[in-house]
């Protein structure tokens with residue numbers, strides 16, 4: 001038994017205390033062996049403590065923490081948990097006095113909530129409640145309920161007993177440490193989410209789907225959040241330690257999420273991830289190569305806080321989501337299609353045209369991201385008026401500074417929808433991301449800019465997140481904005497202008513000629529036909545000098561290479577439409593294709609414009625799982641199935657990843673990654689070269705660690721080919 005003896009009469013003489021303790025222990029052991037000793041002379045002492053921390057036991061089951069790969073007790077605040085204390089004799093409530101003490105941090109203090117004594121009687125209580133649930137012989141089952149706003153983190157635990165000789169306290173035992181996290185199941189917690197299915201999705205689900213591509217040609221990829229994997233909870237707490245976040249702030253989800261939005265990027269605080277949009281990833285892992293958050297967080301924590309290379313918006317959002325769910329804060333990743341990144345701080349995305357109607361890329365500074373991923377987390381907002389709690393936007397992608405650091409949020413989604421952009425934090429920035437207008441300006445020879453077209457519906461075209469408890473999509477655009485052109489939308493924009501958001505007020509007359517670029521689906525490496533549709537609504541002939549520029553663009557809207565520039569002259573008959581087709585020889589280069597058609601009608605001087613983002617589809621990986629009895633499951637990435645033969649926990653299985661190079665050139669320095677939450681840790685393999693038409697096949701052995709339905713997901717990545725993914729679903733029996 002590990003004990004300390006704090007004798008109040010001798011606390012100035014350490015040598016005497018040390019001698020006294022050892023002498024007393026010898027006498028203590030001796031007198032317990034004396035027959036017929038009167039129990040009233042024996043004071044209460046602690047023999048053992050059982051934290052009731054096994055996965056199948058009541059604490060982890062009732063607190064929904066049984067999936068965490070940890071030998072320690074993990075409980076959620078504002079909910080009772082149990083522990084069993086074995087004393088040297090039966091506990092006598094009227095005579096014996098003891099307390100269970102919890103401490104966190106280097107200098108625990110009761111006034112700061114970092115030292116919390118818990119007593120077993122109603123007569124004496126602290127901020128945490130305690131009660132004796134059961135007393136059986138020498139074993140007392142203690143029920144402890146933490147405060148609804150207590151600090152989230154790792155606590156040490158002691159048991160202290162009052163004796164006639166002073167207070168005897170158990171020594172430090174790491175096995176008795178416990179973690180306390182947020183509790184979305186408790187109405188008293190500020191992250192309470194009153195929907196069981198949503199709690200299962202936004203807190204307990206380790207598997208995610210991240211949407212990318214274009215709003216009318218959506219692509220998706222699986223992600224392993226892995227919030228329950230070994231070491232992830234410690235890594236999330238380490239992030240707050242690395243940020244020097246005061247312990248007293250670590251019970252507030254608003255402060256934690258804001259601090260994390262800064263710490264997940266490395267721009268100004270040596271945070272978790274280094275952003276890279278250059279296309280050169282030689283000194284790290286390409287953002288498109290990651291398949292989950294686990295490797296990133298473990299690498300960051302194990303290195304003592306060395307930033308991990310590299311990330312782009314979906315990686316920041318996915319890792320942030322792991323952080324939120326691991327700590328018990330409901331979180332989800334959302335994708336905003338055509339997301340405005342406004343360099344001028346207004347609600348306009350300015351595209352500058354020269355006198356002939358051609359885009360002047362040197363003077364066009366604002367950018368529209370094809371898509372942008374951020375996070376939402378669910379919490380109350382006591383710092384805001386009623387009605388602005390619930391889902392909050394947080395964004396770790398370093399775009400602009402907020403209060404001197406690269407971070408964003410939490411910003412109330414309800415405040416954004418209703419134009420209340422004055423409320424903290426960064427609501428005006430998020431409002432602009434989903435509500436900006438695209439304004440085309442014509443620059444004349446004197447340099448004067450004149451608005452010639454305003455597109456009010458291009459930005460924030462669609463906001464998506466994963467559906468609850470299935471792999472479908474959930475369109476949440478209406479949570480961010482009212483329908484385009486509705487009276488509510490006009491009132492919201494007027495409200496935003498009251499708080500300083502500026503919009504283009506110029507009235508651009510409606511022209512009689514329009515142009516549209518038809519949608520199409522393109523596979524990487526294919527040639528394709530680009531079709532423009534001109535419509536002349538006037539009663540006269542119209543002649544249009546049109547400039548068509550096409551660029552390979554990163555998802556941030558930044559062009560990497562121009563692939564086509566055509567300048568046809570098109571004649572359109574009155575009250576007619578005309579299709580103009582152009583054959584495009586596509587370059588095999590990473591990125592989407594962004595086409596802008598701008599032109600000038602000779603007869604009227606009208607400027608016409610059209611934009612189209614074409615999502616380039618990549619080849620896919622094939623993933624197949626082989627059971628030990630040689631049953632197979634193969635998926636071609638259009639659906640998912642479970643493995644035949646009912647695989648079981650700890651049973652040996654095999655997974656094979658296959659890929660065939662469909663191009664006429666070889667792929668060099670190819671990296672393949674493979675992982676699955678609860679069944680397989682991260683595995684990687686490198687191929688120096690994959691020749692044209694060559695097929696690779698990689699097989700790994702694994703043994704599932706727990707039962708349930710999960711996925712194995714793989715990625716293939718090299719400089720010439722990115723965003724190649726594959727996955728398969730697998731159900732493991734107990």
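For all residues, glycine too, the Cβ spot is worked out from N, Cα and C.
For reference, TrEMBL has these:
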DOMAIN    305-398  domain 'Transglutaminase-like'
ACT_SITE  313  active site
ACT_SITE  372  active site
ACT_SITE  395  active site
BINDING   435, 437, 484, 489  Ca(2+) binding site
Note = As a whole number of Å, the Cα atom of residue 489 (Ca(2+) binding site) is distant from the Cα atom of residue 313 (active site) by 28
Remark   = Confidence over the domain 'Transglutaminase-like' (305-398), expressed as mean pLDDT on the 0 to 100 scale, is 91
Other CB atoms, at most 10 A from the CB of residue 372 (active site) = 27
Ask   = At the level of the C-alpha atoms, what whole-angstrom distance separates residue 435 (Ca(2+) binding site) and residue 372 (active site)?
value = 14
Inquiry  = Please give me the CB contact count at 10 A for residue 489 (Ca(2+) binding site), counting all chains in the structure.
reply    = 17
Task = Taking the recorded Ca(2+) site as 435, 437, 484, 489, identify the other residues of that chain whose CB atom sits within 8 Å of the mean position of the site's CB atoms, giving them in sequence order.
result = 456, 457, 459, 460, 481, 485, 493
Query = Including all protein chains displayed, how many Cβ atoms other than that of residue 435 (Ca(2+) binding site) lie within 10 Å of its Cβ?
reply = 25
Ask   = residue 484 (Ca(2+) binding site): which of the active-site residues 313, 372, 395 is the nearest Cα neighbour?
value = 372
Key: Neighbour tally for residue 313 (active site), based on other Cβ positions within 10 Å of its Cβ   = 28
Request  = Give me the Cα-Cα distance between residue 313 (active site) and residue 437 (Ca(2+) binding site), rounded to a whole Å.
outcome  = 22
Remark   = Among the recorded positions 395, 437, 484, the one whose Cβ has the most other Cβ atoms within 10 Å is 395
Ask   = Expressed to the nearest Å, what is the distance separating residue 437 (Ca(2+) binding site) and residue 372 (active site) at their Cα atoms?
value = 17
Between residue 372 (active site) and residue 395 (active site): CA-CA distance (Å) = 10
